[in-house]
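Engineer: Just lifted these from TrEMBL, have a look:
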{"type": "BINDING", "residues": "A:L9, A:G10, A:L11, A:G12, A:V13, A:V14, A:G15, A:G16", "note": "NADP(+) binding site"}
{"type": "BINDING", "residues": "A:K105", "note": "NADPH binding site"}
{"type": "BINDING", "residues": "A:E190", "note": "L-homoserine binding site"}
{"type": "ACT_SITE", "residues": "A:K205", "note": "active site, proton donor"}
{"type": "DOMAIN", "residues": "A:355-429", "note": "domain 'ACT'"}
Protein chains: 2
Amino acid sequence: MKPIKVGLLGLGVVGGGTWKVLTANAEEIARRAGRRIEVAAAAVRDLDKARHLVGEGVRLTRDGMDVVRDPEIDIVAELIGGDTVARDWVLEAIRQGKHVVTANKALLAKHGNEIFAEAHRRGVMVAFEAAVAGGIPIIKAMREGLTANRIQWLAGIINGTTNFILSEMRVRGLSFGEALADAQRLGYAEADPTFDIEGVDAAHKLTLLASLAFGIPVQFDKAYVEGISALAQEDIAHAERLGYRIKLLGITKRRPDGIELRVHPTLIPTERLLANVEGAMNAVVVCGDMVGATLYYGQGAGALPTASSVVADLVDVTRLQAADPEHRVPLLAFQPDALADTPILPMSEVESSYYLRLRVHDQPGVLADLARILADGGISIDSMFQEPHGEHDADIIFLSHRAREGAVDKAIAQVQSLPFVKSPVTRLRVEHLS
Amino acid sequence: MKPIKVGLLGLGVVGGGTWKVLTANAEEIARRAGRRIEVAAAAVRDLDKARHLVGEGVRLTRDGMDVVRDPEIDIVAELIGGDTVARDWVLEAIRQGKHVVTANKALLAKHGNEIFAEAHRRGVMVAFEAAVAGGIPIIKAMREGLTANRIQWLAGIINGTTNFILSEMRVRGLSFGEALADAQRLGYAEADPTFDIEGVDAAHKLTLLASLAFGIPVQFDKAYVEGISALAQEDIAHAERLGYRIKLLGITKRRPDGIELRVHPTLIPTERLLANVEGAMNAVVVCGDMVGATLYYGQGAGALPTASSVVADLVDVTRLQAADPEHRVPLLAFQPDALADTPILPMSEVESSYYLRLRVHDQPGVLADLARILADGGISIDSMFQEPHGEHDADIIFLSHRAREGAVDKAIAQVQSLPFVKSPVTRLRVEHLS
């Protein structure tokens, strides 16, 4: 089966990330999509820089119209941002009968109705997973995962810059200005941060989510938008005292007489998962009438997470544009002829950290003997503490660094045979999930 | 366009839930799927009880073979559980060329390879979103949302019964036996809880997730399975002291020489979102090489959340089995001719709770005046506190119950004009997300 040919509009942060993902994971992607996905052409600002990045196999041009009108191209990925040139190129791509993948929330929030109508007329797909919440597959969840539900409301942290600033203000006690300066120094905020800190970027994304939730046209101009630049440090502290954290939320809600659509700083109870989403991370809670609340969490920005969504859309279009059963979503995610026979490892080969608890007769040298056995097994200790039990005994608790389970089992057997050990050794596994 | 005809195998908890979702949300589902989805036949144990539930429009039978061989049926939804009769009916449905939707993890974990191979041969879909993590669209995320990534590992709380028991043990200091008895009394655990508490149910689900993550055959027999029945209360307390919580996790991980596949109680750092998933809720963290860690959270069991996934699969099959552009996933989730013109509400009509802060000259009667204005506006106070500022002033912080924003703005304007109020009133919105 011949490869799907993609034309990239833009090779900047997201465009470059998309190139990298398609190149680095070409095999894995073909195993899933059923055919290879290749970049055949790209429209870029700097031809020399682009040539250096992508090598000789890609046709480069300065004019996006060259790409969208190229008969060889199956799918156009619009990754330049903005809503002027991007709009022209996207509309022309659709008129040329090409499927479009875009990461451009500003474009869709403002011109989505026009673009979607044109795509519907021409029978092509417009996919925009990357436009909302970066690498989190929230569009797919809304559009396909929750189709059984009347959506009641959704609330999301959908701008990483402002969430980073709010985390810094809370944890480090900084003022808004100090936290913003930090965010700019660390690359989380742009030199002109207005779109982020005033809530405009979040409102673009919320507008799209509201359309998906309620089946209404895109209506960015009706959204209420309030940012975080006026937020005082003392309100964050007061909120904490009351059991709340302040997050910039995009909220949309079904009401009997209409739909709420609003972005503003919001106090939420500290025990909610959403209140514990820190730093530049994103998360969206969607509440459906049948499923209840579901939450989706991950990196909301950055070259590779955003490209992860762009490429997922490319795979989707590749799978969906062919009608025969071979090209449906494969039952086990990968094409049946691409399954691997990678072995499942026995538990002795598994690596984990370990929690060990044992009761000992408390006498000199106990710890030294235990530590020696662990060290001989190549198991290093992360932390330990000891609790007296009765007059002569003590419970000892170890946390180990990562080790192979076979080595840990061997060490436990040796420990178990020591004369001063008075209980079976309790062993639990520890994972740091990072 | 004529309705899609579904045949239900089973009308118990999940089957009854599926009936309810398809009936209650028939309009919303048709707006999304492009055509109506109707139950035409059902195989049930008790014909009278079933007739009472579904009325006259559905053909009822005791024999699933009647349903799977019914030429009128487009999609068979297998919701009886178990792996004997269910296997026969599912295989026959596939041989009859029918698409299959199932919630049956035990069936797929044991006979998935056979079932998927047969489905591939016959060119039909087998969809199983409801088989893992109830209402959370995790299968879709794995199979379609993260296709750009080499999955590195995933870790999930995928059994609600055990998570409920572990939460009770930690929060209320109960022993395993006490917490299990509670879970049984509250309906979170079955009379014979073995499958849940010994980790078998979680291992069924993990086995399916591992196949989706790594593109390997279903290999339940290779999974390491350890439950929570031997877990001591004191280890939960020790873990807490060390900064960890104990969760029953299903973990699968790519290693250079193979794949780890294991279910066991696991200590995880308290600050991870996954450590804060309490009660019967489910959550899965998936780490891809490009997107990093993403998390999916929601109700993992129950009639309606599980049915939410069954029906999402029915919509998927409905959308995918037709090849023309009209039946692709609609760009804005709903079919273009089904968009609604529901109005976006002005902010004055929005309902929220409110946080108010103001500085006052501290004199008798201040609080009474403020409380009177709020009460006259129909705004009731949830809590308040006051902080002295200098010798004569104080900051007053209110939290209100839910109120209409227009009323709050009016009250604030009145407060602002009081002679003892010395600052602009800071107003933030509060959402409880429940």
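For all residues, glycine too, the Cβ spot is worked out from N, Cα and C.
Just so you know, TrEMBL annotations never went through curation; they're auto-generated.
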Engineer: By CA distance, which of the recorded positions (A:K105, A:E190, A:K205) lies nearest to A:V13 (NADP(+) binding site)?
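Structural biologist: Nearest by Cα distance to A:V13 (NADP(+) binding site): A:E190.
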Engineer: How big is the gap, in Å, between the Cα of A:G10 (NADP(+) binding site) and that of A:K205 (active site, proton donor), rounded to a whole number?
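Structural biologist: Pair distance, Cα basis, whole Å: 21 Å.
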Engineer: In this structure, which of the binding-site residues A:G10, A:G15, A:G16 has the fewest other Cβ atoms within 10 Å of its Cβ?
Structural biologist: A:G16
Engineer: Using the Cβ center of A:L9, A:G10, A:L11, A:G12, A:V13, A:V14, A:G15, A:G16 as the NADP(+) site position, which other residues in that chain lie within 8 Å, going by their Cβ?
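Structural biologist: Output for this site, in sequence order: A:L8, A:G17, A:T18, A:W19, A:L79, A:I80.
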Engineer: Within 10 Å of each Cβ, count the other Cβ atoms, then let me know which of the binding-site residues A:L9, A:L11, A:V13, A:V14 comes out lowest.
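Structural biologist: Candidates: the binding-site residues A:L9, A:L11, A:V13, A:V14. Fewest Cβ atoms within 10 Å: A:V13.
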Engineer: Please list residues from the chain of A:K105 (NADPH binding site) whose Cβ is under 8 angstroms from its Cβ, counting only those at least six apart in sequence.
Structural biologist: A:F128, A:A131, A:V132, A:D201, A:H204, A:K205, A:L208
Engineer: Rounded to the nearest angstrom, how far is the Cα of A:E190 (L-homoserine binding site) from the Cα of A:G12 (NADP(+) binding site)?
Structural biologist: 15
Engineer: Count the Cβ atoms, other than its own, that fall within 10 Å of the Cβ of A:E190 (L-homoserine binding site), considering every protein chain shown.
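Structural biologist: Neighbour count, Cβ to Cβ under the 10 Å cut-off: 13.
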Engineer: For the residue listed as 'L-homoserine binding site' and A:V14 (NADP(+) binding site), what Cα-Cα distance in Å is obtained after rounding to a whole number?
Structural biologist: 16
Engineer: According to DSSP, does A:G16 (NADP(+) binding site) fall in a helix, a strand, or coil?
Structural biologist: helix
